[in-house]
Ligand SMILES: Nc1ncnc2c1ncn2[C@@H]1O[C@H](COP(=O)(O)OP(=O)(O)OP(=O)(O)O)[C@@H](O)[C@H]1O
Ligand SMILES: [Mg+2]
């Protein structure tokens with residue numbers, strides 16, 4: 001098991017190098033001139049060129065990449081072109097709120113989703129199942145920004161229970177995490193249900209019944225563990241997306257997270273910030289996948305040994 | 001000998017979109033304490049559904065028991081609440097299934113699966129249950145039982161998994177073990193070992209075994225008595241030796257003729273001509289008539305009753321109905337099934 005994880009992590013290195021290269025190239029292919037944007041409208045051509053040299057943007061792109069990588073390995077992500085603050089400092093401020101929001105969103109989505117999914121599967125074709133189905137379909141089809149706006153209107157403006165934006169207190173996390181998690185919860189409900197319904201048809205469930213086990217032991221002790229394999233895939237994938245910060249939901253709630261940092265930086269052609277953000281998102285996504293794979297091994301013993 | 005299990009006029013059907021198909025159509029038989037009784041018949045004749053009905057394990061399928069009685073220790077299992085039934089399942093009556101690879105949970109360790117039943121029925125605490133589970137594995141001839149407790153079914157061979165299934169089924173000392181084709185999925189040498197093991201269990205613990213199979217070889221090997229089923233009905237029943245020596249029903253005769261015989265060169269294996277009737281579309285009269293070499297006019301008109309002759313043999317065939325006019329009709333009602 002430990003060896004497997006180490007092997008997987010070593011396998012990530014070439015992948016990360018390739019990803020960093022692609023991100024770098026793509027960013028520099030985006031039209032728009034950051035030197036001119038920074039220098040301002042009134043700057044002369046000479047001033048712009050001087051700034052370009054200062055920023056190192058006049059060097060060949062490959063050389064720029066190597067410089068960037070060298071600094072990256074020294075833990076230096078560069079400085080924001082916009083605020084001149086170190087990129088690491090910007091991340092320090094934005095990373096934690098986004099991470100907390102993601103964990104909160106996926107957490108409640110999984111908890112409720114699995115619960116509703118189990119109830120739907122157990123009461124298949126009866127009213128709790130229909131209730132679960134309706135909840136799930138609404139969750140999937142309602143766009144999260146709209147849900148966000150409605151909740152702001154209702155819980156912030158109308159009843160003033162939660163703030164409309166900002167994260168001065170924990171209350172600031174409630175509405176955004178609800179808006180972000182609703183769709184995921186719905187998806188997890190559906191996958192839990194269908195996977196559990198399928199598992200309950202399997203031979204070993206009949207064996208468990210023939211041993212005299214009750215329904216609860218059969219569902220929680222026998223069927224759910226097998227069904228978790230599917231559910232985990234979905235949850236892992238969604239968590240990977242969440243970690244990237246939701247541009248839309250963070251904007252709606254004026255949430256100081258990575259998503260909003262990304263959109264602001266793109267508008268300003270703030271290369272160092274954008275490329276570092278993308279790199280971090282990729283890294284997060286890859287790590288989440290690795291964790292999901294490791295958890296697979298826990299739920300599916302056949303995987304663990306090869 | 002006393003009847004441990006008595007099945008009377010059992011009828012089980014599958015219901016799909018307002019269509020009801022009866023696949024067990026008035027089955028009656030009895031199993032005495034300490035006996036090994038075989039049920040044989042071609043694929044689809046209702047052997048598995050009969051055994052699942054006895055244990056009331058049709059949950060999760062569209063099957064329902066429509067009528068009949070399953071008397072076990074003089075209580076009708078079909079009247080029991082699900083909760084009471086659970087106390088019987090895996091405890092005084094347990095079951096093993098055809099495919100050991102799919103019948104064990106692939107994501108749970110063998111030990112855990114074994115201990116569940118032991119802790120539930122024998123109320124052993126965890127450590128004691130564990131020790132007992134290991135001793136059960138050893139008693140069914142599993143080497144390195146201690147380490148197998150921590151392994152998963154996919155790490156074991158089919159034969160080993162079937163031994164695990166048997167250990168699980170035997171762990172609470174059941175009075176009745178129902179084995180639904182326990183050797184069909186295994187290769188021949190392993191088959192022989194598993195059958196040997198089951199005979200041993202009977203010797204040592206006096207376990208009554210209902211052995212379901214489509215293999216007459218298995219029947220002749222281990223069964224004291226045999227019940228022959230055809231199209232959801234019992235068509236013949238008797239002591240194994242007598243049935244093999246002198247089959248009454250032409251279907252039984254056909255089955256025996258189609259057995260491959262060792263040491264005897266046969267140019268071609270005999271096969272009963274024709275096909276099993278579709279359970280959704282049963283012919284009138286005897287269900288075997290269309291394939292029967294002795295078919296008479298009456299056979300396609302009216303279904304014969306299962307009668308018991310003076311030798312104690314039971315059969316359902318017009319060839320003998322007149323002859324045993326005074327014979328005891330076993331289940332007169334069954335000829336009214338749909
Ligand atoms: N879950 C189910 N849903 C619908 N029909 C079923 C189901 N299980 C069995 N049947 C039908 O019931 C009939 C009897 O099936 P059963 O499994 O008892 O046969 P069997 O004698 O055990 O055959 P085999 O030797 O193949 O195991 C068949 O016609 C089959 O199609
Ligand atoms: Mg069967």
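In case you wondered, yes, glycine gets a Cβ from its N, Cα and C as well.
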Original post:
When TrEMBL marks a stretch as transmembrane segment, which of A:12-30, A:31-49 is it?
Top reply: A:12-30
Subject >> Candidate ranges A:101-123, A:130-152, A:172-191, A:229-253 - greatest C-beta contact count to the transmembrane segment (A:273-299) (under 8 angstroms) >> reply: A:229-253
**OP:** For the transmembrane segment (A:130-152), name the stretch out of A:12-30, A:101-123, A:172-191, A:229-253 with the most CB-CB pairs under 8 Å.
**Re:** A:172-191
Subject >> Interface present between the transmembrane segment (A:12-30) and the transmembrane segment (A:229-253) (three or more C-beta pairs under 8 A) >> reply: no
Original post:
Taking 3+ C-beta pairs under 8 angstroms (sequence gap of 6 or more) as contact, is the transmembrane segment (A:101-123) in contact with the transmembrane segment (A:12-30)?
Top reply: no
Original post:
Any residues 6+ beyond the ends of the transmembrane segment (A:12-30) with a Cβ under 8 Å from its own?
Top reply: 61, 64-65, 68-69, 72, 269, 271, 274-275, 278-279, 282-283, 286, 290
